[in-house]
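Working notes, structure below.
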Amino acid sequence: MSQTRGKYDFCIGLVLAMSSSIFIGGSFILKKKGLLRLARKGSMRAGQGGHAYLKEWLWWAGLLSMGAGEVANFAAYAFAPATLVTPLGALSVLVSAILSSFFLNEKLNLHGKIGCLLSILGSTVMVIHAPQEEEVETLDEMSHKLGDPGFVVFATLVVIVSLILICVVGPRHGQTNILVYITICSVIGALSVSCVKGLGIAIKELFAGKPVLKHPLSWILLLSLTVCVSTQINYLNRALDIFNTSIVTPIYYVIFTTSVLTCSAILFKEWQHMAADDIIGTFSGFLTIIVGIFLLHAFKDVNFTLANLPLSLRKDDRAANGTLLSTYDSFNDDEESSACLGEMQSTESVSARRNGSLSAF
């Protein structure tokens, strides 16, 4: 019975995680469409300090879509393992890229299309090989998990590393090194996901009629989540303000997801009873998603399509026959240069004669 219940919860969490990606990815398109409509009307743009978007229904639709996506993502952690939910967040980038090519006329180049396919493939592999976490259904069980010595050591290290980066490394190197602010967001994000997981369990107990609000862990988790999310937003905005978004996004996804996977493995012992092929499959799916996100972001400004491929192949063929080509090219160059030299000399001779100059003779 418990195994059937576990599969049922897993399917619910999977559907919620994928719905979250669709809602969040679509929210960017709706917001962008609303802002473009305001720009065509001549209203002051948001980047210039204008707030006319508050009267645009498309912008509000995007905001509501993002809210629905975040709620679905929050609920997914209560049913499915974080090892599955967190990597699937990359699908929101995929959804946004595909929808923008249809509704915003933003062309998706060949690298982007390959990146989308790789992201879908990696997500499918991760779903197939996703680990099953230990059953945690009450706040008392969650409290016991949070008191585990392994997690206490991990959380202490995260706090110490974060404080060192914030107080010592950040003021000195944060403006020049992209990894500083992103690392702060990512390692603290591992704790925020644990808080979300605990609050999801609390909400499930609340709907079951249990006195959750009297349990001190509920308020501790809520306060910790507020602090963690505020810190993440602050330093992620700093990174986006200083560095290129196409670089920040994939790096943040990789470090954040790695931190969450590590934290989830320590807290919920997800990897303890996994077979070797499932472990390899999970890591392979994760790495495939990383490559897909990298291709989607790093080369989005490169104008490369299938139509350019024959030209590139012709250049490669020329390079493969470099020795022969260089011989003929040098021979042709010598002939062309000697012909040009002869023409120049004859031209100078004619002009000199016309000007009555004896130097031509």
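Glycine is no exception: its Cβ is also placed from the backbone N, Cα and C atoms.
What TrEMBL annotates here:
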- 12-30: transmembrane segment (TRANSMEM)
- 57-79: transmembrane segment (TRANSMEM)
- 85-104: transmembrane segment (TRANSMEM)
- 111-130: transmembrane segment (TRANSMEM)
- 150-171: transmembrane segment (TRANSMEM)
- 178-203: transmembrane segment (TRANSMEM)
- 215-235: transmembrane segment (TRANSMEM)
- 247-267: transmembrane segment (TRANSMEM)
- 279-299: transmembrane segment (TRANSMEM)
Interface present between the transmembrane segment (247-267) and the transmembrane segment (85-104) (three or more C-beta pairs under 8 A): yes
Range from 57-79, 111-130, 279-299 with the greatest count of C-beta pairs under 8 A to the transmembrane segment (178-203): 57-79
Distal contacts, the transmembrane segment (150-171) - CB-CB under 8 A, six or more residues away: 180-181, 183-184, 187-188, 190-191, 231, 235, 262-263, 266-267
Residues from the same chain, set at least six apart from the ends of the transmembrane segment (247-267), whose C-beta lies under 8 A from its own: 81-83, 86-87, 89-90, 93, 133, 145-146, 148, 150-151, 154, 178-179, 182-183, 185-187, 189-191, 193-194, 236, 239-240, 286, 290, 293-294, 297-298
Contact between the transmembrane segment (57-79) and the transmembrane segment (111-130) (3 or more Cβ pairs under 8 Å, separation 6+): no
Tertiary contacts of the transmembrane segment (279-299) (same chain, 6+ residues out, Cβ under 8 Å): 83, 87, 90, 93-94, 97, 109, 111-112, 114-131, 245-247, 249-250, 253-254, 257, 261, 271
